[in-house]
Every structure is written in structure tokens, then in C-alpha cells.
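Features of the protein shown, as given by TrEMBL:
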TRANSMEM  12-34  transmembrane segment
DOMAIN    39-340  domain 'Plant heme peroxidase family profile'
DISULFID  CYS49-CYS129  disulfide bond
ACT_SITE  HIS80  active site, proton acceptor
BINDING   ASP81, VAL84, GLY86, ASP88, SER90, GLU102  Ca(2+) 1 binding site
DISULFID  CYS82-CYS87  disulfide bond
DISULFID  CYS135-CYS336  disulfide bond
BINDING   PRO177  substrate binding site
BINDING   HIS207  heme b binding site
BINDING   THR208, ASP260, ASP268  Ca(2+) 2 binding site
DISULFID  CYS214-CYS246  disulfide bond
Amino acid sequence: MLKCVDIYSEAMTCRLVIYFTFFFCFLVSLVPLVHSNNQLDTNFYEGSCPNLATIVRYAVWSAIKNDNRMAASLLRLHFHDCIVNGCDASVLLDDTPYFTGEKNAFPNRNSLRGLEVIDNIKEQVERQCPSTVSCADILALAVREAIDLVGGPSWPVALGRRDAITANQMAANQQIPSPFESLDNIIAKFTSKGLNLRDVVALSGAHTIGYARCLTFQRRLFDFQGSGKPDPLLASSLLSKLQNTCPNRDTSTSNIAPLDANSTLTFDNEYYRNLVSNRGLLESDQALLGDQRTAAMAYFYSTDQSSFYNDFAASMVKLSNVGVITGIQGEIRKKCGYVN
């Protein structure tokens, strides 16, 4: 009788071992699938939304044709999204009873542009591929297309981001670099996101297109560092023009001036040439030439546009991967300004 029980127990044990071994192997076989679904991939929408790139490119082309400032605005929109808790389209969210959006954070208030372009693309994409493509991915693609369309470099955009279900105005106020900040602070904000010194210098080159409000540089023109005088480094020919554009009164703070007066609408390396000739518009821009950690790179980019393009593209890939959410995190918003 004891021998029969022992034989039966051994048989059951063998069956259990076989069962759990099979089940474990089955789970292990799923790990690559789960892992791959949570990673960004340039072909992420190849089957689910094959016309995505075409929709985005045509919409961005139309937007730039109607508003030649739009390429710079989309680039800034993407940066202000990614630098605040990652590239999750949180910057696109409107205020709700449950959270305050980032649109009215100090760096964004009355200056954030391009929202309607992303909304328009999203609407078109939803018609063809409902509840499939995230607003975060649309924004990342739109920026790549915008820079390419104004003469800049292109770069691969890996896709599969999900959209945030909340926003953080306090984080936007704290994490977005300010033109009034020291270079040390700006570098610290970049490095906190996994970006390095080269990324700081290369991404600053985004200021080769677009405009800035007088508010962001007016003190350089009339009261630099509380001196009651203009910034002595600022080229006198540029100073005169800027003082006409931004007279020393509160009503002029919303006026705008080109970040790169020489080739405002073309993405090139003229920004760095401006720095070399003391024609950088923002204090934070000109500071790159005054710091030994960044000066050599800025000088190099002023003489080698190809290297600038290569490094800018590489830095944009890094930026667009900061803090992304994937897999089952977040959601695919049906409208970019609202949580589903």
C-alpha cells in the first residue's frame, strides 16, 4: 500500500513539474512580445496607420505656407512638452477641474503657438486611423517635417508614445529653461533630462529660426544687470535696431524680433555666426560664447554647418525620447486638448 502511494505521489509530482515548466516557458516566450510593444519603433504604425507620415507632412507644409513662423513654433512646442516630465503631449492639455494645464505656465503664456496645427493633424488622422496615433507622436513627427521643410536636417522618429492623462503647470514653470537664467542653471535642467553639454549647444541652434518677445531680452537693451545701460557685448548696429523695435516701455514687451535677423526663416548655422559677432539676441544664447565649456562647440558650429546638422539631429532624437510613456501607460487621446 505504501509503495502504491509513493508511486502515485511521484507521478503527480512529475506532472506538476512538467506543467509548471511548460507554463514558465510560455510566460518567458511572451516577454519579448511585451517588451517590444513597450518600445518605440520607426515602423510602429506601419500596419495600423500607413498614411500617417503623408498626412503629417502635408499638414505641416500647409501650415508653414500660411504662417512662416510655424516651423519655429512647432519646434518650441515640442521642446516645451519634452522638457517637462517627458514627451507625453501634456503641454497640449487644457485646464480641467482636476488639474491646471501647462499652456498658462509663465514660459508658455501668450506665446505658445502651433496648437491648432497639431489639432488639425489629429483630426485628419482620427478619420483614417481612429484611436490609434498619439498626440505625442504626431507632435514629434510634425517637428521633424517642419525643420526639414525650412532647410534643416532630418532624423528618424521612433513612434509608439502614449499621451499623458494629466499636466503639471508647476513643473513647466520650474523645468523649462528661461532666457534670464544662468548657463549653469540651463545646463542643469538639460542634464536632469539625460541630455548633455553637446545637446545644450546643438539644441540652442534651434534659435536660428523664429522670433522672441521683447520681454525676453529688453533688459539687455536698457538696463543690463541693473547697470542702467545696454549690454556692452551687444553689437551696436543690432542694439540700435532692437531699441527701435522694443522701446523702453511696458507696452512694447509683446513686440517681437527675429532670433536670427540674417536668415530668420531658414534653418542654418547663422545663429552661431551671430554669437561670434556678438549678435545673439538672448542673454542665454550669447552666454554660450562666454563659457569655456561651450564656446569651442559654438565656434565650431559657426564654421561647419554639416556638423551642426548632424549633432542637432542626434540631439533631437534624444530629446524626443525623454520620459516617454508606452505600452499600457497613459492613453491615445481622441482630441489633443482633452483626456478621453
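Each residue's number is its place along the chain shown, starting with 1.
Cβ coordinates are placed from backbone N, Cα and C, and glycine is handled just like the others.
No curator has checked TrEMBL annotations; they are predicted automatically.
Model, not experiment: these values are computed from the prediction.
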Pairwise CA distance, ASP260 (Ca(2+) 2 binding site) versus the residue listed as 'heme b binding site', rounded so that it is a whole Å: 7
Nearest of the recorded positions (VAL84, CYS87, PRO177, HIS207, THR208) to CYS214 (disulfide bond), judged by Cα-Cα distance: HIS207
CYS82 (disulfide bond) as reference: those recorded positions from SER90, CYS246, CYS336 with C-alpha within 10 Å of it: SER90
Among CYS87, CYS135, CYS336, the one of these disulfide-bonded residues whose Cβ has the fewest neighbouring Cβ atoms within 10 Å: CYS336
From CYS49, HIS80, CYS129, THR208, ASP268, the recorded positions whose CA lies within 10 Å of that of ASP88 (Ca(2+) 1 binding site): none
Cα-Cα distance linking the residue listed as 'active site, proton acceptor' and THR208 (Ca(2+) 2 binding site), given in Å to the nearest integer: 17
Listed recorded positions CYS49, CYS129, CYS135, CYS246, ASP268, CYS336, filtered to Cα within 10 Å of SER90 (Ca(2+) 1 binding site): CYS135, CYS336
Using Cα positions only, nearest of the recorded positions to HIS80 (active site, proton acceptor) (CYS49, GLY86, CYS129, CYS135): GLY86
Among CYS49, CYS246, the most crowded of the disulfide-bonded residues [Cβ within 10 Å]: CYS246
Residue among the binding-site residues GLY86, PRO177 whose Cβ has the most other Cβ atoms within 10 Å: PRO177
Spatial neighbours, same chain, of VAL84 (Ca(2+) 1 binding site) - Cβ under 8 Å, 6+ residues apart: SER90, VAL91, GLU102, ASN168, ALA171, ALA172, GLN175, ILE176
